[in-house]
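Take a look at the structure below.
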Amino acid sequence: MLNADLKQQLKQLLELMEGNVEFVASLGSDDKSKELKDLLTEITDMSPRLSLSEKSLKRTPSFSVNRPGEETGVTFAGIPLGHEFNSLVLAILQVSGRAPKEKQSIIDQIKKLEGSFHFETFISLTCQKCPDVVQALNLMSVINPNITHSMIDGAVFREESENIMAVPAVFLNGEEFGNGRMTIQDILSKLGSTADASEFENKEPYDVLIVGGGPASGSAAIYTARKGLRTGIVADRIGGQVNDTAGIENFITVKETTGSEFSSNLAAHIDQYDIDAMTGIRATDIEKTDEAIKVTLENGAVLESKTVIIATGAGWRKLNIPGEEQLINKGVAFCPHCDGPLFENKDVAVIGGGNSGVEAAIDLAGIVNHVTLFEFASELKADNVLQDRLRSLSNVDIKTNAKTTEVVGEDHVTGIRYEDMNTGEEHLLNLDGIFVQIGLLPNTSWLNDAVELNERGEIVIDRNNNTNVPGIFAAGDVTDQKNKQIIISMGAGANAALNAFDYIIRN
């Protein structure tokens, strides 16, 4: 089931195992069980430290990743290929005794959790957000015997996942716990465990502190570190919104990559320099005093720096119409690559006629029964090559001059109301899902009017990435820079870094 290149890479990784690992599989006579057995047999044959046995588990097909004679609580229900193959490899290594690449403070938090925690995560193999959650919960299960975790492929266990319309969907002890991407710190925070503020309070002041973890942040950090400046990053996750991007084909010199690969490479590049990357934590306030610029974190810690570069990026913009908020993750979605497979053979709408909206409609057309694309303007704004491809699809309708007015449904989406701007008539379209692709909303709510914002909530900057507050710079999608592209954000981050360096020299 694995190609030659992947088998070679896996064989090398399995050499890092520090102890024996046993796959305990629950198999039936169905095709998926046969596929799973073939996969596990193929992997087991690659290392003498691996073995395979069979036992009836809660779900079939499924398997646990155990130490001989010891259950770890790590279970995969389905066949973990696609984006989840890395989750399987990491589970094997960690169960074998390989030390995780996680801060000791996080490991200590996991060990201190008391009680019984049985997590179940519903995923799709095309979901780029899902592996982060699966890997975090698997690691927690390996570290703390009070925790167990099962990854469940919704495409295999359709009856269980019938009412799940967004992934990853996490359940704890049978109750809904959370949806969407979550870091291990997010999960711990939801469980009531937070990082000790003293870990941050004892840090020396920085020359440059960068808030945010996306392309602009990474570029800025590398440039300031190369200048010999003491550099820190405060971010929820390295890569930012790019983590949720499927294909990237316009990053010059790289013909094609994915958001997760890009983010992984960015993190590796940052690690090559003396950069204090503090991830899994968010800033909640910023203030300039006579002594320094102070950034307050969500745990109450305060960091000080000579300069700050704000690169907090942007998140999905919502429609802000009745019914939308209460039906998010119940048919209203923002990531077609993650949630598209959950709407197989169903009718969906895509809202937005720009590149993102048209690309989403094209991708979904290959999965769902029918796509209706809504655009408020009189014509689509996407590139012509994308429009041509969209119009060639037989199961896509395009509605321009269409104003969406209400998402219809009780416990899940059943339709959408829209107004024909030409006639003023209102229509109801019955459907199962709505993918919102109307642009991004800058992450500036935490700034509390510390710097000047425009009417769209973006940070106002000049050509040198200065804000209206000396020493505070901004770069990337969080700013009023017109074009929002990865490559432009990276250039902006470098520009902000060089001007921060110049500011420090002159002050």
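Indices start at 1 and increase along the chain as displayed.
Here the Cβ of each residue, glycine as well, is placed from N, Cα and C on the backbone.
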Partner cysteine of Cys335 (disulphide bond, per Swiss-Prot) from Cys130, Cys338: Cys338
Binding-site residues listed as Pro215, Gly357, least Cβ neighbours within 10 Å: Gly357
CB within-chain contacts under 8 A for Ile351 (NAD(+) binding site), separation at least 6: Leu319, Gly357, Leu373, Phe374, Thr404, Ile434, Phe435, Val436, Gln437, Ile438
Among Ser219, Asn355, Thr467 [binding-site residues], residue with fewest other Cβ within 10 Å: Asn355
Residues that sit under 8 angstroms from Glu359 (NAD(+) binding site) by C-beta distance, when 6+ apart in the chain: Ala382, Leu386
Least Cβ-crowded entry, counting other Cβ within 10 Å, from the recorded positions listed as Val211, Cys335, Ala349, Ala361, Ala475: Cys335
Distance, Ala361 (NAD(+) binding site) to Cys338 (disulfide bond) (CA atoms, angstrom): 14
Least Cβ-crowded entry, counting other Cβ within 10 Å, from the binding-site residues listed as Gly353, Gly471: Gly471
